[in-house]
Structures are given as structure tokens and as C-alpha cells.
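Summarising the annotation, Swiss-Prot assigns active site to ASP7, GLU67, ASP139 and lists sequence analysis as the type of evidence. For ASP7, ASP139, the entry in Swiss-Prot reads Mg(2+) 1 binding site, with the evidence type sequence analysis. Here Swiss-Prot flags GLU67 as Mg(2+) 2 binding site.
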Amino acid sequence: MRILGIDPGLRTTGFGVIEKQGNKLAYIASGTIKSDGNANLPERLKTLYDGISEVSRTYAPDCAAIEKVFVNVNPQSTLLLGQARGAAICGLVGYGLPVFEYTALQLKVAVVGYGRANKAQVQEMVTRLLMLPGQPGSDAADALGVAICHANGGDTLGTLAGLAPDLVRKGMRVRRGRLVG
């Protein structure tokens with residue numbers, strides 16, 4: 001399965017393409033799509049849309065994974081990030097890709113094993129997991145991290161959380177990290 005990971009941003013959007021075969025992950029490509037900071041917002045969103053569409057055509061992924069928007073201290077920044085993310089999702093869906101969404105916490109836990117990992121730690125682990133000769137830039141590393149997150153079960157924690165009410169009704173509980181009943 002070929003997975004395209006996206007780290008959305010209005011100035012710089014990272015992308016990363018990996019291939020999953022069994023338990024092995026293989027690096028295919030990564031990079032960034034940059035918009036002109038002097039252009040108006042619609043032009044910048046079109047640049048992002050066109051770039052995502054081109055990456056999708058070039059690498060022919062089977063699915064895409066994208067980082068969810070976090071609520072920033074500055075509401076204007078959050079709105080702009082949401083618009084960039086929307087343009088990216090439109091580019092992916094326009095290519096016919098199923099799109100999966102993950103939080104930064106899910107990405108960090110999947111890649112580093114620690115939800116408060118910093119960008120440098122994510123870059124280092126992405127480099128090691130994909131056996132890259134050098135570290136990708138932070139935006140590309142985050143995009144590769146989202147792809148790795150999806151490849152390694154994606155929203156397993158969310159699925160388990162959805163099962164929790166049924167398990168509690170059946171008398172099951174978690175003790176020392178194990179499900180007991």
C-alpha cells in the first residue's frame with residue numbers, strides 16, 4: 001500500500017510518500033509545496049491545491065493521511081491553517097484518494113512513542129524508521145510521520161476508545177496496560 005502523508009500549512013506544506021509491504025516501510029519521496037507569501041489568499045490556496053494534485057498524480061498513492069488542525073493561540077492563524085488543510089484535502093479527494101486524519105499527538109505517539117515529542121525528535125525517528133541517509137526538513141518529516149502513523153494502524157487508540165463502553169458493560173477493564181475481566 002502506498003501512502004501519501006500531508007503536513008498542511010499555508011506557507012509550506014510538507015508531503016511524504018511511503019510504501020508499506022507487510023511489516024516493512026519503504027521511503028518513496030518527500031518534499032514541500034511552498035506558496036508565495038506576497039500572493040493573495042485564493043492564489044496561495046490554488047498553489048497548494050495544484051501542488052497536492054501534482055504530487056498525487058506523480059506518486060499514485062492508494063490513500064492519504066493528513067494532520068488535523070490544532071487550535072492556535074491566534075484564531076486568525078487557525079483559520080488560515082484550516083483553509084490550507086481544506087485546499088489540500090480537495091486536491092486529494094479530487095484525485096480519488098480516501099483521506100484519513102490524525103492529530104499531532106497520534107503522529108508523535110506512532111513515530112516517537114511519546115506524545116510531547118518535539119520536531120527534532122520526530123525528524124530523528126522518521127530518519128531511523130525509514131533508514132534515510134539524511135534528515136528531511138521538519139515539514140516533510142511531519143508528513144512522513146503522518147504516513148507512518150497511518151501505516152502502523154492509524155487510529156487504533158480511537159478504535160479502542162470506541163469499544164470501551166462495550167467492554168465496560170461486559171465487566172472488562174484495563175489493569176497494568178492489559179485488558180482483564
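Using N, Cα and C of the backbone, Cβ positions are placed for all residues, glycine too.
Taking a C-beta cut-off of under 8 angstroms and a sequence separation of 6 or more, ASP139 (active site) has the following same-chain neighbours: ASP7, GLY9, THR12, THR13, GLY14, THR32. For the recorded site, GLU67 (active site), the DSSP three-state label reads strand. For GLU67 (active site), other Cβ atoms within 10 Å of its Cβ number 25.
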